[in-house]
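Enquirer: Dropping a structure here in structure tokens format, bear with me for questions.
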Amino acid sequence: MTGRLFTSESVTEGHPDKIADQISDSVLDAMLELDPTSRVAVETLLTTGVVVVAGEVTTTGYVDVKDVVRRRIIEIGYDSSVKGFDGHSCGVMVAIGGQSGDIAQGVDTGHESRTGSVDAMDKQGAGDQGLMFGYACDDTDVLMPLPIVIAQRLAEQLTAVRKDGTLPYLRPDGKTQVTIEYDAENRPVRVDTVVLSSQHDEDTELDTLEADVKKHVIDPVLATFPIPSEGYRLLVNPTGRFVVGGPMGDAGLTGRKIIVDTYGGMARHGGGAFSGKDPSKVDRSAAYAMRWVAKNVVAAGLATRCEAQVAYAIGKAQPVGVFVETFGTGVVDDERIQEAVLEVFDLRPAAIIRDLDLLRPIYAKTAAYGHFGRELPEFTWERTDRADALRAAAGL
């Protein structure tokens, strides 16, 4: 082992915890499609042969939750008992009730409105207390840490070669892990280790799997990154066999992959999961907003690394605190960058929802392969549209 080695992991959409995330977000999307003002908090548990969906909801629409669950499982690829789980025949239990009126009153009429404010953005209070972080760095062109970006792309490619028939013996469950060497200036310099585990059918030998995965998944992905990878250590299915997988191998639960969902451990995390939550829940919307903030700080050239924290009190619109840190990479003081952030970004929940257009059925797409670093049209928090305003506000 040489150098300073940082590691991040990802999982495929067929990992049990990720199936749970995708089910929760698919239910959320179905409700938002019928009623964009739906309040949704949905959790999913799945194990051998059964799925349980529970939570609290306020909506004017009717959603056939069992149908949403089955369609998502089948789309992921669990469509036969031969694979250990079958969306056609698995049991689906639904236990969804109404949202607490005590919570609703604080969200519907924020503390500021109740104490005299007439600003429309003060009307909606935060759906809970809590702290959320956003992060960005210049490791990659999407301003994300390199280890998590490579791990996510490997997981995506592993799924792609399964679904398009390139490697038909693969099954949906899988994990990736990437170790990158960093130099003394925190710059990525070399791929050190790649770990990839993939569920497969009964008849596939490890030597075949390793050769195929290296050829069709790992080497093509590594070739897209401008960092040396010659001589990297490769570990494919280190247990030697991965036939039993998915919910048959491990129970899955919504919100169990919060580091995979974010920055691969390179940044702090407030602890709140995303999936199954509508944007009135600041666990989700404010984390997206702080990614937007941090990415724009780096895109503006104010720093090469930025982490931004925001915190809320339940029922209150204005954050109780904001903290911006650039780890010594800022071109001006962190305090000045923080002042610029507060001048350019409105971090009240209603303003975040408005500015990022979050009342849309976009969330199932976020639930696998990372909420950040994928510059898709729906991922409005990946825009760098405030970079010029930040530079001006910082006096540059």
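Just so you know, the numbers here start at 1 and follow the chain as drawn.
Placed from the backbone N, Cα and C atoms, the Cβ positions cover glycine too.
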Enquirer: Between 33-43, 55-65, 99-109, 330-340, which stretch does Swiss-Prot give the note region 'Flexible loop'?
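Expert: Residues 99-109 are the ones Swiss-Prot records as region 'Flexible loop'.
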Enquirer: What does Swiss-Prot list, out of ASP183, ASP250, as binding the same ATP as HIS15, ASP173, GLY174, LYS175, ARG241, PHE242, ARG256, LYS257, ALA273, LYS277?
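Expert: Candidate in the recorded ATP site: ASP250.
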Enquirer: Quick check: in three-state DSSP terms, what is LYS277 (ATP binding site)?
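Expert: Looking at the DSSP assignment, LYS277 (ATP binding site) belongs to a strand.
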Enquirer: Which residues, sitting 6 or more apart from LYS257 (ATP binding site) on the same chain, put a CB under 8 Å from its CB?
Expert: VAL11, HIS15, ASP17, LYS18, ASP21
Enquirer: If you draw a 10 Å sphere on the Cβ of GLU56 (L-methionine binding site), how many other Cβ atoms land inside?
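Expert: That number is 16.
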Enquirer: Who are the chain neighbours of the region 'Flexible loop' (99-109) in space, where the CB to CB distance is under 8 Å and they lie at least 6 residues beyond its ends?
Expert: 39, 41, 56-58, 123-128, 280, 314-316
